[in-house]
Amino acid sequence: MSSVVVVGTQWGDEGKGKITDFLSENAEAIARYQGGNNAGHTIKFDGVTYKLHLIPSGIFYKEKISVIGNGMVVDPKALVEELKYLHDKGVDTSNLRISNRAHIILPYHIRIDEADEERKGANKIGTTKKGIGPAYMDKAARVGIRIIDLLDKETFKEKLEHNLGEKNRLLERFYELEGFKLEDILDEYYEYGQQFKDYVCDTSVVLNDALDDGKRVLFEGAQGVMLDIDQGTYPFVTSSNPIAGGVTIGSGVGPSKINHVVGVAKAYTTRVGDGPFPTELFDSIGDTIREVGHEYGTTTGRPRRVGWFDSVVVRHARRVSGLTDLSLTLLDVLTGIETLKICVAYKLDGKTITEFPASLKDLARCEPVYEELPGWTEDITEVQSLDDLPVNCRHYMERIAQLTGVQVSMFSVGPDRAQTHVVKSVWRLA
């Protein structure tokens, strides 16, 4: 039995999809455990670029099981569209399994999400307006509708009727928007469910059976630790738990069955949406990193905010997710920058702090304490191993490992699978 969790250590968009795809080659099951179609990941497979939002990266390996876990919230319409997108590209999806316990996103969730962001104005969270938060709210309030409910038309109708009474009052009286009629949703969404019903099962059984049979299972996190609803920059966070602890809740696999946790980090830092960002760059270096790194959101197309690598953030991620390994991505983007900076601590009211503050008010007042390192000019996109990297690049990686307290077991120097390199296997048994 061997299991690996892949988590983002920053604010998402770290390259988790690429690393998950790379590690999938040696896995026999790949599972997502939280989030929904608010998270986009880009994968290159057999020379073709794919952009997925719901379906796990392992879908391209027809001999491997791909799982949408119970901790996810699934937009049935988006799922059907993504399946069609893959089928149109000739991808076989018969290896997909969808948890019967996963909750679904309905049109009223999306409308409420949009209206709430609009109402908040300058205080908006910066959501993707995909209905994720409202769907998780319904789950916590115990009025959510699960995939198992969607497949039974009588149950679906009963729950939908009940919810529409409440949601329409909210939309019409509070947001002053038009509500929904039962017939606007019932038949259309029931039909979506019928289109993917053959994939639906108890995925906890599937995953535990795989582990008990000695198979390798890979858990794919979405977003990142700093967007975790408990451990992130609350309230500028997502509505679920991307940290490694979310695996046990969102997949139905116990913590004793998790072996290694791989934290994926960019060689710099990015963020989409609002909230404090201590190392954010507003100069030409930031612009260069954004353009060279193609830093635009997969889901929204929004330009990402760019900053220097923040070891305070990744140390926090190490602690709350129990990182055993670090995968450093987009090293090639930093090529040509004469002097690189790593944030080693913050200054808050004249005092140096080395741990990430819980208070956003404090975080907004934090000034980064930087350590400067010489950059490199050599093209690193064709290197085949750690030893091939320029000395300054290796020193940069070594310093990150020292400051974060996590060994760098993988690094990538470009978008292709062949540009990801292993220093130490994360599938090791010890």
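Note: Cβ is positioned from N, Cα and C throughout, glycine not excepted.
The GTP binding site feature in Swiss-Prot is assigned to 12-18, 40-42, R304, 330-332, 412-414. According to Swiss-Prot, the active site, proton acceptor annotation covers D13. According to Swiss-Prot, the Mg(2+) binding site annotation covers D13, G40, on the basis of sequence analysis. Annotation comment: Swiss-Prot describes D13, E14, G15, K16, N38, A39, G40, H41, T128, R142, Q223, T238, R302 as IMP binding site, evidence class sequence analysis. Per Swiss-Prot, active site, proton donor is recorded for H41.
Feature annotations (Swiss-Prot) mapped to structure.
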residue	record	Cβ within 10 Å
G12	GTP binding site	31
G15	GTP binding site	23
K18	GTP binding site	25
G40	Mg(2+) binding site	19
H41	active site, proton donor	25
T42	GTP binding site	17
T128	IMP binding site	22
Q223	IMP binding site	29
R302	IMP binding site	13
L331	GTP binding site	23
- Those binding-site residues from N38, T128, Q223, R302 that fall inside 10 A of G12 (GTP binding site) by CA distance are Q223
- Task: Name the secondary structure element type, per DSSP in three states, that contains K18 (GTP binding site).
- Result: helix
- Message: For the C-alpha pair, I'd like the distance in angstrom between N38 (IMP binding site) and K18 (GTP binding site), rounded off.
- Response: 17
- Note on the structure: Using a 10 Å radius on the Cβ of D13 (active site, proton acceptor), the other Cβ atoms enclosed count 27
- Message: Need this for a regression test: recorded positions H41, T128, R302, filtered to those with Cα within 10 Å of G15 (GTP binding site). What's left?
- Response: H41
- Message: Measuring Cα to Cα, how far is G40 (Mg(2+) binding site) from T128 (IMP binding site) in Å?
- Response: 11
- Item | Tertiary neighbours of V413 (GTP binding site) (same chain, Cβ under 8 Å, six or more apart) | L331, D332, I380, T381, V383, Q419, H421
- Query: Of the recorded positions listed here (D13, T128, Q223, R302), which is spatially closest to T42 (GTP binding site) when Cα positions are compared?
  - Reply: D13
- Message: Restricting to the record's IMP-binding residues (D13, E14, G15, K16, N38, A39, G40, H41, T128, R142, Q223, T238, R302), give me the longest CA-CA distance in Å as a whole number.
- Response: 34
